[in-house]
Amino acid sequence: MSTESRADDPRSIEASDSTRGYLGADYSIKSWLLTTDHKRIALLYLASITVFFIFGGAAASLVRMELMTPRGDVFNTPDDYNRAFTIHGVFMIFFFLIPSIPAVFGNFLLPIMIGARDLAFPRLNLLSWYVYMAGGLFTMYALVSGGVDTGWTFYTPYSTMFSNTQVIAAAMGIFIVGFSSILTALNFIVTIHTMRAPGMTWLRLPLFVWAHYATSIIIVLGTPVLAITILLVAVERLFQVGIFDPAYGGDPLLFQHLFWFYSHPAVYIMILPGFGVISEIVTAFARKKIFGYTFMAGALLAIAVLGFLVWGHHMFVSSQSMYAGMIFSVLSFLVAVPSGIKVFNWTATLYKGSVSFKTPMLYALGFIGLFTIGGLTGLFLATMAVDVHVHDTYFIVAHFHYVMVGGMLMAYMGGLHFWWPKITGRLYSEFWGALSALTIFIGFNLTFFPQFILGYVGMPRRYYEYPQEYQVLNVMSTAGASILAVGYLMPLIYLPLSLVIGKVAGKNPWGAYGLEWQTSSPPSPHNFEESPIVTGGPYDYELQEFADMHRAVQEHGIV
Amino acid sequence: MSSATAHAHDNTYGQDDTYLYHHFDDLNQQHESSSLGMWAFLATEVLFFGGVLGAFAIFQTMYAPAMRLASHHLDVMLGAVNTGVLLVSSLAMALAVRAAQLRRDRETIWLLIATIVLGSAFLGVKAYEWIHDYHLGLVPGLGFRLDLYPGRQILFWSFYFTLTGIHALHMIIGIVIMAIMAVLVWRRWFSGGGATQVEMLGLYWHFVDIVWVFLYPILYLINR
């Protein structure tokens, strides 16, 4: 272990290729697959997460193609359709939305942002990537070799007694990937507690770091409950023991309680890191200190806590008692308070800021708009009477896609464009970047807004045939999905291309504030030449010397 | 801060700077990180067991008579003996941690071996109980006798085997790591500097014991 650390001693790197930072430290395959450098592990995640995203996206396109016509024509049987949307759900949620921002940007930036040389447990970090890959490939095998038709929720007793598909294998893949998130979350919590640079007090942490702290707490407390639930499903299916099956004295509601105890907080696991990214982007491109920093940090923690108290709103129509429903309804409304704080404070940050509409900012603005719609429709669903009307319809589908895709995915794309110059040292084409942001925004709204109406007028989810009168809205939705797909394809082309033809980014292409912009792009293997000493808050855009530096960026291009 | 080797001082954790990883500033920071990491991991473990214990508690209240009836078939004496064995193993583990901090390699190794022996004895008794249960037709899915144990008793056995099963799995993992640790201390891998690692292993082992301290009353003693 200590010998390994000697191998990537900064002194030996200076001799090789110092301008390429951690990327140029070593070029062998081994140096990537056995790396303990958090930045390289982030790139391993970026590559694998992109593959899983494309996989889940392909399944989504098949689903949308099927729904273009009222008759089942793309898939031969309803079962095949069920398998397709299960692949979509399982991959997008467990292998893309949950890990993406923490595993890629969290891994890359969190140590740099707090002035540390690495995460607290670098080898554990590498292990978590291998565990992630093992879980991913396992699930992929299960879904391709026989498929699962239960939907990503694995509701019992269908999943334990009746489904004749690869439930155990898929569930075990998710069980394994859960370990990966737990390991990453542990690493983040410990790193934030013990590895902060001198002067980096808790109230000087960037909001991105706060967001990952709150997320990690949810992961640490929630994921093990999902793990045991999935284990019980496997045990019941293997030995027919009847923990959830009423025929053996079990209780299917028990599964729903355990499952949503994790899976509702999982929504916040997905969205809180997105909040962190958006806070960084908004303050950087408005050139203003974030409005209400302590409230922004507190709101993240409040959402983390409240997130654990609202799972029952998934069960309003499950014969749960009316009084339990009322309490869960009230608690669900409460989540809107910290979420509102976030949205209003971003807006207040933009107010009278000198806003520049670069690609990351376009994504961030898209995020704020779409997340607000998603959040507000969440209030509809927290209201019991409305929930009963739209339960299990496309209204729900539209709502959670607005939150997860319109929210989390926009934040992911925004973060990718914001930190791409830091990660690679190259600038991408601003024109194509802006075009992709606009295409995704338009495509997204065309895809999912009609689904609100579809759901409201009564189209249920998970059906592959529907009455003729729903076709117009479904065709709109499918057309929007095609535009969305084009929007996602563009970055797949111009971002890799920027590695070859992109301009050299320099330390700080956006003139942003924060420790990660003070080190070279790409950063050296140990992040900083010398460990930084922090003397101020995270967003001091008003400081005179910073204003001077920004003017220099404006006038002479890159510093 | 300069490179780590510049801080050539000793600390209270029985280690010197040879054991400092490159990304930490000093051993105190490194030790603090390890402990916090272990405690956070144990928090996840609490919730892992908490999920299934919560489920069991619900059924226990819903079907109390059947649960009591089923619990009758467990041997309280064997459970009590096992509880004692496990608590003594925890004592041995605690002494091993102390020995490691005092850099007494030989003592550390013997105490780790003692812990392994006691842990294995627990698993042996557990295995004996399971085999006995199997012959009585108590194992759901493997020849469960619904005619002999009617009603919701099968639920008790589902949870009994799930809970003791995942507990035993945790013990096996602990024993394997203890064996590895003993070999590493013997081969002077840490050269008296393995105190942090032994200490973290100790935390894990105590946690596994505490889980049993909960399992014993709720499974064996609910009838008494």
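The backbone N, Cα and C atoms fix where each Cβ goes, glycine too.
According to TrEMBL, the protein has these features:
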DOMAIN    A:32-535  domain 'Cytochrome oxidase subunit I profile'
TRANSMEM  A:42-65  transmembrane segment
TRANSMEM  A:85-114  transmembrane segment
TRANSMEM  A:126-148  transmembrane segment
TRANSMEM  A:168-190  transmembrane segment
TRANSMEM  A:210-234  transmembrane segment
TRANSMEM  A:254-278  transmembrane segment
TRANSMEM  A:290-311  transmembrane segment
TRANSMEM  A:323-341  transmembrane segment
TRANSMEM  A:362-382  transmembrane segment
TRANSMEM  A:394-419  transmembrane segment
TRANSMEM  A:431-453  transmembrane segment
TRANSMEM  A:473-497  transmembrane segment
Excluding the flanking five residues on each side, which residues at least 6 beyond the ends of the transmembrane segment (A:210-234) place their CB within less than 8 Å of a CB in that stretch?
102, 106, 110, 154, 156, 159-160, 167-168, 171-172, 174-175, 178-179, 181-182, 184-186, 188-189, 192, 243-244, 255, 258-259, 261-263, 265-266, 268-269, 272-277, 279, 296-297, 300-301, 303-304, 307-308
Test the contact criterion for the transmembrane segment (A:168-190) and the transmembrane segment (A:394-419): 3 or more CB pairs under 8 Å, pairs 6 or more apart in sequence, then answer yes or no.
no
Go through the chain and flag residues at least 6 beyond the ends of the transmembrane segment (A:362-382) whose CB is under 8 A from any CB in it; none is fine as an answer.
271, 274, 277-278, 281-282, 285, 310, 313, 329, 332-333, 335-336, 339, 343, 346-347, 390, 395-396, 398-404, 406-407, 410-411, 413-414, 417, 433-434, 437-438, 440-441, 444-445, 452
Tell me whether the transmembrane segment (A:394-419) sits in contact with the transmembrane segment (A:431-453), defined here as at least 3 Cβ pairs under 8 Å among residues 6 or more apart in sequence.
yes
So, do the transmembrane segment (A:254-278) and the transmembrane segment (A:85-114) meet, by the test of 3 or more Cβ pairs under 8 Å (sequence gap 6 or more)?
yes
